[in-house]
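What TrEMBL says about this one:
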type	residues	note
REGION	A:1-23	region 'Disordered'
TRANSMEM	A:37-60	transmembrane segment
TRANSMEM	A:101-125	transmembrane segment
DOMAIN	A:102-297	domain 'ABC transmembrane type-1'
TRANSMEM	A:137-162	transmembrane segment
TRANSMEM	A:182-202	transmembrane segment
TRANSMEM	A:214-238	transmembrane segment
TRANSMEM	A:275-298	transmembrane segment
Amino acid sequence: MHPTSSLPAEAGKALSTPARRSRRGHRLYTLDNPRKSATLTVMTGLFTLYCLLPLVWLVINATKSQADFVSSFGLAPGREFALWDNIVEVFRYQDGIFSRWLLNTVVYVVLGATVSTFLAALGGYALANLDFRGKRVFLFVVLGSISVPGIALAIPQFLLFAQLGMTNTPWAVLIPSFINPFGLYLMWVFTAEAVPTGLLEAAKIDGAGEFRTFFQIALPLLAPASVTVLLFSFVSIWNNYFLPLIMLKDPDWYPLTIGINQWNKLGSTAGNGALIQNLVITSALLTIVPLIIAFLSLQRYWQSGLSLGAVKG
Amino acid sequence: MGLARRFDVTASATASPDASRHSAPTRKRRRSQIGLAFIAPFGVLFTLVFIVPILYAAYLSLFQERLLGGNTFVGLANYGKLVQDPQFWDGVGRVFRFTLVQVPIMLILAMALALALDSMRLHGTRFMRVTIFLPYAVPAIVSTLMWGFLLGVKYGLFGSLNDALGTDFDPFAPDTTLISIGVMVTWAFTGFNMLIFYAVLKAVPRELYEAAAIDGANEFQIVRAVKLPALRGSLVVTVIFSIIGTFQMFNEPQILPTMVANSGVTTYYTPNLYAYNLAFTGSQQGYAAALALVMAAITIAVAYAVQIRGLRNASDK
């Protein structure tokens with residue numbers, strides 16, 4: 001399991017396994033046991049239903065007007081199909097602050113995920129292929145930090161950022177998201193696995209500097225790994241709730257998660273609050289749609305990236 | 001994903017010299033400088049985001065906000081107070097109990113699902129695999145909203161169910177709220193763990209199954225003798241990550257009270273919720289800092305114990 005000793009052939013094999021596996025596995029079971037199992041399908045199907053039910057509920061109820069939401073059965077459609085009205089109203093409510101939250105979220109996610117993945121790739125490459133003073137201590141501290149609960153860290157981060165006068169600015173959300181120790185760990189493992197040392201040596205003999213070698217040789221080979229780390233940072237930043245909750249006071253800097261909760265609180269202040277559950281539900285749907293699209297369309301990459309990581313483990 | 005063995009990987013990576021290094025001292029020094037240049041951006045930000053806040057919190061935890069005299073140095077008094085704080089231990093006990101019940105259920109489900117999906121005996125394997133994973137992409141605020149409405153008696157399905165059956169079961173009564181949170185957390189994270197197990201199973205050489213089948217092993221014997229042992233390493237990793245996750249539970253109990261009245265969620269329901277309320281509504285920042293540090297220490301200790309145990313069990317076999 002020496003990280004720098006793996007051969008390119010191994011890495012290639014690991015990457016292409018899913019497709020190859022399923023063909024061969026299929027042969028095994030047609031030979032051994034040609035039947036699909038109905039019992040097993042129903043049992044797994046029940047769990048799939050549990051996973052799907054809340055999402056179905058969300059989609060159905062995003063199509064209802066507030067009046068229908070209160071009066072009709074949860075899984076039945078309302079009397080009128082109000083999805084478009086709801087979406088328009090979500091973007092109009094409180095002077096269109098929802099689009100501001102959406103924009104904030106996109107900025108936090110794009111900057112945070114790109115920078116953190118790039119830093120993790122640089123660092124992982126250095127750990128796998130380069131030497132530097134204090135490498136051992138660095139590894140011990142960074143890997144140890146993976147088990148520090150993020151939320152236990154957020155309060156100290158808040159206290160420090162408050163001292164520096166950086167709370168209630170986008171930097172308070174962005175800077176912590178730039179660092180992803182687990183991403184660094186994955187990139188280190190991936191680099192050791194997928195980037196052959198010989199290729200890097202050859203590039204250097206040809207006169208390429210370390211940085212050029214990294215950008216032109218290593219980075220393209222790390223594409224599946226980068227997509228995996230990028231996508232998982234994307235999700236964790238998009239879904240981040242605690243950090244922006246404590247760091248931001250000004251609604252103009254809110255990401256979607258905090259904004260939706262704000263609306264939800266408005267609606268639930270029983271009696272004197274505005275009843276806007278239809279807007280809360282529709283905005284929740286609008287919040288998860290981009291993530292689901294990202295996951296579904298990038299499946300091929302992150303599944304191969306994930307299995308490469310798992311093979312190492 | 002070798003969290004379990006990352007320390008020996010680490011040791012071998014740093015202790016053994018690079019195979020290709022046969023260079024003069026000057027080149028070695030240059031390489032070392034380049035290595036530093038690669039690691040510096042991460043290192044500097046890591047220090048700012050991880051190291052400095054922890055040190056600063058440790059410093060703050062030695063102070064108390066007093067009515068007279070303002071911020072006063074009190075030594076370890078905050079820690080002494082924390083050890084005797086029944087509200088803190090109530091929260092710690094709750095996340096421990098939650099972890100003991102929810103984590104095994106979730107991981108057994110995840111493993112069973114991974115085995116079922118890997119068996120190739122299901123209709124619609126691909127669809128089910130992706131669907132089971134999807135909840136992972138849903139933010140806690142949205143999942144708490146959906147489940148809050150679904151399980152709530154006011155607008156939710158349980159309200160309709162109670163109306164139809166004439167019962168008055170309330171999933172968010174003080175006694176049942178924690179179970180409902182368990183339903184939400186299991187919903188959100190089973191798929192992620194399932195996918196890790198699934199990826200490990202996919203990496204098992206099929207030749208092993210073929211050999212076992214030729215030797216006359218049936219499917220259950222293959223599961224027991226080949227597949228479950230293959231999952232052992234990733235099980236340690238998923239247990240550790242799940243413990244870290246549930247120990248810092250915050251989002252669900254923080255959001256729920258805005259959805260349902262009288263859910264029994266107190267300001268100290270979980271340690272993190274307590275720390276948050278101390279720091280932001282009680283303005284006892286020194287005390288909150290002490291709590292955050294103690295909780296991090298407890299979490300690391302438990303994760304470390306699991307790791308040691310997992311490794312010992314693995315080497316026994």
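Each residue, glycine too, has its Cβ placed from N, Cα and C.
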Excluding the flanking five residues on each side, which residues at least 6 beyond the ends of the transmembrane segment (A:37-60) place their CB within less than 8 Å of a CB in that stretch?
74-77, 281, 284-285, 288
Which residues of the chain, 6 or more past the ends of the transmembrane segment (A:214-238), have a CB below 8 A from one of its CBs?
15, 105, 108-109, 112-114, 116-117, 120-122, 125, 129, 177, 180, 183, 186-187, 190-191, 194-195, 199-200, 203, 208, 255-256, 290-291, 294-295, 298, 301-302, 304-306, 308-309
Beyond the flanks of the transmembrane segment (A:137-162) by at least 6 residues, Cβ under 8 Å
127, 172, 176, 181-182, 184-185, 242-243, 246-247
